[in-house]
Amino acid sequence: MLRGPRHLLWASVPPAAALAAALLSSLVRCSLLEPRDPVATVLSPYFGTKTRYEDVNPGLLSGREAPWRDPELLEGACTPVQLVALIRHGTRYPTAKQIRKLRQLHGLLQARGPGDDAVGSAGSRDLGAALADWPLWYADWMDGQLVEKGRQDMRQLALRLASLFPTLFSQENYGRLQLITSSKHRCVDSGAAFLQGLWQHYHPGLPPPDVEDMECGPPKINDKLMRFFDHCEKFLAEVERNATALYHVEAFKTGPEMRNILQKVAATLKVPVNDLNADLIQVAFFTCSFDLAIKDIKSPWCDVFDIDDAKVLEYLNDLKQYWKRGYGYTINSRSSCTLFQDIFQHLDKAVEQKQRSQPVSSPVILQFGHAETLLPLLSLMGYFKDREPLTAYNYKEQMHRKFRSGHIVPYASNLVFVLYHCENAKTPEEEFRVQLLLNEKVLPLAHSQETVSLYEDLKNHYKDILQSCQTSEECELAKANSTSDEL
């Protein structure tokens, strides 16, 4: 059981005092939970892939189970007949690697000399001393696992989607749900939590059974789709295992923007600047985000940074995502062709079944993966592409960039394809239409900025990917003496 610092003293105080302490602790925590906390609000938009879903959808803070309906969603004569959703796992713990770095930083703070615990002008201890005493509650066993908040993310998303598309998520269709997942436990657990949310939708107030006992069964593991990057030799050789592939990330870590933050943090925490590096600074920033996302508290780690620091650290995170998962290298996105084609195979089958006046065999397909699953696919489709590549040297020029990972793939992010059948269509081509939603908002088409497309037009636009992108060829290692495709 995880305990705060005051809880450690309870065994030695009388019951009445313990109760008073509990009430005080509760009041303090309630103040930290306040969603309008100024520091949390200032830093929250800059946490990159560690961003809370509700920070991308602020309306959810007032009612996270209430279905907000985008006014651009089709209705009337057009009826949804299939939904294919690609969903990132919910809020998770830090990885063991991140926890070890945090432990290293915490050790530096605890190793400061006696004279470093100075008292400020207002009589308060300095921030370094406060952080040295702040409980380090993260443990190696947590290693990226889904937290209760992450399960809540999924349950609430299920309730909203089921309310938004009631005919697709009808109880009659429950047994025909098709779920697949990455093998990572945070994704498997996310799929299970989503099913529990649907159970709550169908049976309010009744506790859900084990996922294995549900009519639709548990999600099936399929890493070739959800972790396609692990199965692409070209990506593994040229990006994942290539020491120079993330050149711009490493160069930015030692650039002027990060040097300024290093010097500032060293002075604030009263530790030698040579004992710090960009990785430790980044893990301190992420610890602020983890404490906020997992425990709904604003920890002292947040006080280390201001909004200008946050923008620089967000850019550092976005550089990594850009060069490793986005437009930095062509193979990043082309490795996701199999997943893209799989989505359209589902849509094709639904169109064919409707044309034959047959029921759609899989009205809802739910796929649980990672930010690393969604970003390459969105890049493949042409979304969030800036005119100039993100580099270590154009931070100021990219202040208004489109590629901001926290606004694209926060925890629980979702890309949804909705296929509609439209009555009274003038031509067979106009009978089927498609809309895309990103994080429950209609996503305009990358090539036209329209909010809806005829299905055949969408297929024609992506004809090259659907017909010519063969994973076996795309992921085949290039022969010796080939040149890099760096942008």
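Each residue, glycine too, has its Cβ placed from N, Cα and C.
Feature annotations, courtesy of TrEMBL:
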{"type": "SIGNAL", "residues": "1-20", "note": "signal peptide"}
{"type": "DISULFID", "residues": "Cys78-Cys422", "note": "disulfide bond"}
{"type": "DISULFID", "residues": "Cys288-Cys302", "note": "disulfide bond"}
> Between Cys288 (disulfide bond) and Cys78 (disulfide bond), what is the CA-CA distance rounded to a whole number of Å?
Replying inline: 45
> Between Cys302 (disulfide bond) and Cys78 (disulfide bond), what C-alpha distance do you get in Å?
Replying inline: 48
>> Out of Cys302, Cys422, which of these disulfide-bonded residues shows the lowest number of other CB atoms within 10 Å of its CB?
In response: Cys422
> Considering the disulfide-bonded residues Cys78, Cys288, which residue's Cβ sits among the greatest number of other Cβ atoms within 10 Å?
Replying inline: Cys288
